[in-house]
Each structure stands twice: as structure tokens, then as C-alpha cells.
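*Asks:* Look at Swiss-Prot and you will find 68-88, 107-127, 136-156, 184-204, 211-231, 263-283, 294-314, 385-405, 426-446, 447-467, 481-501, 522-542 tagged as transmembrane segment.
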Amino acid sequence: MDGPDQIGPDVRPRRTFGDRVRRAARAFTTRDGLIGDYDYGFLFTPRLPFVKQKRRAAPFFGLEDKIPLVLALLLGLQHALAMLAGVITPPILLAGSSGANFGADESQYLVSTSLIVSGLLSAVQMFRLHVYKTRYYVGTGLVSVVGTSFATITVATGTFNQMYSTGYCPVDGSGNRLPCPKGYGALLATSCLCSLLEIGLSFMSSRLLKALFPPIVTGPTVFLIGASLIGNAMKDWAGGSGTCSSNPGNGALCPSADAPHPLPWGSAEFIGLGFLVFATIILCERFGSPIMKSCAVIVGLLVGCIVAAACGYFDRSGIDAAPVASFIWVKTFPLTIYAPLILPLLAVYMVIMMESIGDITATCDVSRLQVEGATFDSRIQGGVLGNGITCLLAGLCTITPMSVFAQNNGVIALTRCANRKAGYCCCFFLVVMGIFAKFAAALVAIPSSVLGGMTTFLFSSVAISGVRIMCSVDWTRRNRFILTASFAVGMAATLVPDWFSYFFTYSGDNHALEGLLQAVELVMANGFAVTGFLGLLLNLILPEDMEEDVVESEEDYEATTVVGMQGGSEPGSSGQNVKA
């Protein structure tokens with residue numbers, strides 16, 4: 001084994017500086033090093049209707065195979081575009097009206113920083129550092145890209161609602177929310193504290209982690225994260241998730257009265273813009289080339305933006321006022337620990353860890369690497385530890401928790417390239433996109449209806465990921481019972497998030513108790529946290545040998561029915577007749 005496949009110390013002779021210089025020179029000065037003999041037309045050939053096309057398979061590039069420089073850059077850009085929508089969506093939502101209610105400057109900064117941090121911390125996962133004199137690693141050594149986690153959005157929006165209602169965040173005389181940098185700083189600091197949980201769990205055996213968090217626990221949890229986010233996305237699709245959506249039909253205009261083209265919430269124009277994005281994504285999947293399929297979400301967003309700009313929905317003032325370049329810590333936020341947020345964020349980190357294990361397993365599979373054994377367990381350990389550290393570093397870099405992205409596994413499978421050089425090129429493009437602040441300003445200026453058409457599809461893919469995880473569950477009576485019980489309360493909390501808001505009536509001056517009650521209330525308002533806790537508890541206490549149903553499947557039911565009809569029509573007679 002070589003490189004990241006090796007578990008023990010690397011005993012191979014190290015390359016000298018001269019070797020590295022000669023290798024780099026060959027990459028830039030020879031045809032094989034620059035473009036090779038790869039069929040680049042494969043990436044750009046669309047699937048035209050009514051045209052019979054010759055199917056051809058591209059060569060597979062393994063983890064450490066030699067790959068032409070141009071191809072590495074091209075596939076790296078494809079990876080960056082595939083994850084772009086997922087990276088920019090959380091900061092846009094958390095900086096918007098459902099989050100900290102920031103202005104354009106802070107929103108642009110968070111989008112830029114999210115891209116930069118994603119690029120830098122993805123490189124940490126790919127590089128895979130060995131912890132000195134231990135058997136532990138930091139990182140997977142695979143094309144494991146990280147981005148801002150969707151699991152944080154639901155908890156963060158609920159927390160900001162609580163902060164504004166309790167006076168932690170300011171409101172004006174009319175009750176309208178004002179920017180709350182203090183609340184965002186509390187989210188960052190509490191996230192850094194809670195990231196220690198994932199770092200600690202990374203030193204446990206991967207087999208023990210899988211036993212504690214099997215698919216029957218992780219599947220419904222991930223599904224409800226996506227389901228809860230789809231509601232906010234649909235509000236944006238119809239015009240915006242701010243105050244104009246809280247009481248539609250009263251004359252309020254979205255996104256605001258001074259917008260370039262304000263309309264009432266739910267107007268046909270808004271619905272049409274979002275549908276254009278949605279339809280473009282479907283067309284790219286049906287007729288697009290391989291590179292278009294992996295970037296279908298971004299292509300749909302681009303088409304929607306072009307039409308919205310032509311129809312006068314874009315506000316260019318933020319783009320014109322934005323600086324040319326940006327970087328981490330251009331803006332900072334006061335760091336404080338918000339006690340009620342600790343319990344919900346601990347649940348978020350459990351979900352992030354479970355997602356990471358599943359995504360790393362999928363990456364090993366599509367990269368044609370072993371998915372069991374010591375090497376695989378080492379990758380899981382390094383990936384979980386790396387993810388915990390990246391979450392800690394992300395918080396210190398003013399960004400919410402990160403998680404391993406699954407959509408890039410589709411890029412690997414589609415392009416048949418699992419090479420880390422393409423992954424490093426992806427990191428390079430993400431950092432470059434983040435540094436150019438005008439690019440982030442253009443993303444922040446995207447109309448809500450266009451963004452909603454994209455995020456509805458994106459969040460639905462999160463929910464479907466949960467369904468895919470649940471498909472690996474054996475549908476025994478025990479597992480059906482666990483899923484039913486955990487879904488019952490979790491789905492109810494997702495549909496009615498304020499169901500537990502009036503349970504506690506304490507109004508004393510014990511701030512510690514008040515913070516604990518607010519934390520419990522915040523957990524109970526997040527359906528995925530309730531489902532995850534119930535699923536984990538029931539999976540531990542219910543015995544594995546629970547009595548099965550007499551009829552276990554549709555085939556058994558049909559067979560029993562046929563036998564009963566042949567044996568006799570009277571109840572209870574079929575069994576005796578068959579025996580006879």
C-alpha cells in the first residue's frame with residue numbers, strides 16, 4: 001500500500017526536492033503531463049433525444065494514479081461546482097431574515113468565508129495527517145470534501161427565534177428584528193464547545209460507533225432534517241421567508257417594498273421563477289452531459305438568475321458596493337456561550353458524525369477501496385476526528401459546523417476519477433471563489449424565489465438520503481416499531497414546532513434552571529433531535545429477538561390467503577384441512 005492506504009509508519013524513501021521539481025516540470029512541459037490521452041469529449045457530450053449515441057466508458061483514475069494537469073483542474077472545477085450550492089446555502093439562510101438578520105455586508109462576508117474555509121478544511125481531510133507516535137489519523141486521505149452542514153440550519157433558526165423572543169437579540173419598536181451579531185457569535189462559540197464531543201467520539205472503535213448509531217437511528221434523523229428545511233425553502237420559492245410570508249394577502253410586498261421588483265408573497269411571477277430553476281435541473285439530468293449532470297443545481301440556478309436579471313428582479317447595489325477581495329476575519333463576532341443551545345448542538349454533532357461515517361463509506365466504495373478491515377476503520381477514525389477538528393476550526397473562522405458532503409461521491413462515480421489531485425484542485429477553486437468578494441455579492445443578490453427553487457430540490461435530496469439509509473434496514477417487527485415510535489413524535493415536532501413551547505411555566509430568577517428549560521424546549525422543537533434520541537434509546541432497550549409478525553411480507557400474506565381459500569371457507573378451517 002502507498003500513501004493514505006498505509007496504516008503504519010511510511011518506510012518508503014522520501015522524494016528529494018529535485019525529484020519534485022522534475023515531476024512538476026514534466027506536468028507543465030509535456031503533452032502527457034498536461035492533457036494526456038483522455039477523451040475530454042466524454043465530459044461535454046449531451047444525451048440528445050431521438051439520437052442513438054455510442055456508449056463509452058472513461059478510464060478510472062485511482063487515489064494516487066497519474067492524472068493530466070488539465071484533467072485534474074477540469075474535474076476539480078466540476079467538484080467545486082457540484083458542492084457550491086450546498087456551501088453557500090447555509091450562510092445565506094443564517095444571515096437572512098430567519099437567522100441573524102444581517103445586512104448585505106455581513107451576508108457577503110459569510111458566503112465568501114464559507115467558500116474559503118470549505119476549501120482549506122477539505123484539503124485537511126484529503127491530506128490525512130498522522131498523529132505522532134499514535135495509531136490515529138486526522139483526515140480520510142480520500143476525495144472527502146467538507147462544507148457547511150445543513151443540520152445546523154434547523155437548530156440555528158429555532159435558536160434565533162428564541163433569542164429574539166427572550167430579548168437576547170434586539171427588535172425595534174414595531175417588533176421587527178434587528179441584526180444580531182451577538183447571537184451569531186453565541187452560535188459560533190457554542191458550536192466550538194460542542195465540537196469536542198465529535199473529537200472525543202472519534203477515538204472510539206468504528207464498529208462500536210456503527211452499533212450505537214445504526215441505519216435505523218440515522219435514517220429517520222437525516223430524513224427529518226431535510227423535511228424540516230423544505231418548508232423554509234418553499235417559503236423562499238413563493239417570494240421570501242421574512243415578514244412578508246407570515247401574513248400573506250395583507251398587502252405586504254416581498255422581499256421588501258423597496259426591492260427592484262416587489263410583489264405579494266405567492267405571486268405567479270415568483271412561483272414561475274422557482275419553477276424555471278426546478279425544471280432546468282430536471283432537463284440537465286435527462287439530456288445533460290456528465291459535467292452538466294453533476295452541476296445541474298448550479299446550472300438551474302444560473303438559468304434562473306439570467307431570467308431574473310432580464311426581468312428586473314436583481315438588486316445590483318450590493319454587488320457594486322462589495323469590495324474586490326475578502327478573507328477570513330475581515331468581520332468578527334463576539335464569542336459567548338449560549339447555554340440553551342448546548343443540548344441541541346450536541347444532537348447536531350451526533351448527526352454530523354453519523355453522516356460522516358456513511359459518506360466516507362460511500363466514498364471508499366466509489367473509489368474502489370475496501371469498505372471493511374483495518375484500513376477502512378482507520379479511514380473512518382481519521383474522517384470523524386478530522387470532521388470534529390474542522391468544525392472547531394470553522395467556528396474559530398466565523399463559520400458554522402462543517403460536514404462531509406455526499407454529492408461529490410456522485411461526481412466520482414460519474415467521472416470515474418477518485419484522484420486526490422482533482423480533490424486538491426477543487427479546494428483551490430473554492431478558495432479562489434471565496435477570495436473574490438464580488439462573486440459572493442452576486443450570490444447574496446440572488447432573488448429569494450430563484451434561491452428557493454434550488455434549495456427545495458437540494459433539501460429534498462437530504463431527505464431522500466435519509467430514505468436511502470432506511471432502505472438498508474431489515475423490516476422486522478422490532479425495526480418497524482422503532483421507526484414508528486421515533487417518527488411519531490419527531491414528525492409531529494417538525495410539523496408543529498411550538499408544541500412544547502408552553503410546557504414549562506417557570507418564571508423565577510434562577511438563570512441556570514431557566515437556561516436548562518430553554519435548552520429542553522429547543523430540543524423538543526427540533527423533530528430530528530427527538531427522533532434521533534428516541535431511536536437510539538429504543539434500539540438499545542428493545543431485545544433483538546422480539547416476536548415477529550405471523551405475516552412478514554406481502555408474498556407470505558398472498559401464500560397464506562391462497563392456502564386458506566383452498567382449505568375451506570369457514571374461519572379456522574383452513575389450517576386443519578391443509579394439515580389433513
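From the backbone N, Cα and C atoms, a Cβ is placed for every residue, glycine too.
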*Asks:* With CB pairs under 8 Å as the measure, which of the listed stretches 294-314, 385-405, 481-501 comes out on top against the transmembrane segment (263-283)?
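*Replies:* Checked against 294-314, 385-405, 481-501; highest Cβ contact count belongs to 294-314.
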*Asks:* Which stretch from 136-156, 211-231, 294-314, 426-446, 447-467 shares the most C-beta pairs under 8 Å with the transmembrane segment (184-204)?
*Replies:* 136-156
*Asks:* Can you see whether the transmembrane segment (426-446) and the transmembrane segment (211-231) are touching - at least 3 CB pairs under 8 angstroms, only pairs 6 or more apart in sequence?
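*Replies:* As far as Cβ distances go (cut-off 8 Å, pairs 6 or more apart), the transmembrane segment (426-446) and the transmembrane segment (211-231) do not touch.
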*Asks:* What same-chain residues lie close to the transmembrane segment (68-88): Cβ under 8 Å, and 6 or more beyond its ends?
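*Replies:* Distant Cβ neighbours of the transmembrane segment (68-88) are 27-28, 32-36, 38, 40, 43, 111, 114-115, 118, 143, 145, 147-148, 150, 291, 294-295, 297-298, 301, 405, 407-408, 410-411, 415, 417, 419, 421-430, 433, 440, 443, 454-455, 458.
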*Asks:* Between the transmembrane segment (447-467) and the transmembrane segment (522-542), are there three or more C-beta pairs closer than 8 Å, counting only pairs 6 or more apart along the chain?
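*Replies:* They do not touch: fewer than three Cβ pairs between the two stretches lie under 8 Å.
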*Asks:* So which of 136-156, 211-231, 385-405, 481-501, 522-542 is most in touch with the transmembrane segment (107-127), counting Cβ pairs under 8 Å?
*Replies:* 136-156
*Asks:* Rank 136-156, 385-405, 522-542 by Cβ pairs under 8 Å to the transmembrane segment (211-231) and hand me the top one.
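*Replies:* Of the candidates 136-156, 385-405, 522-542, 522-542 scores highest.
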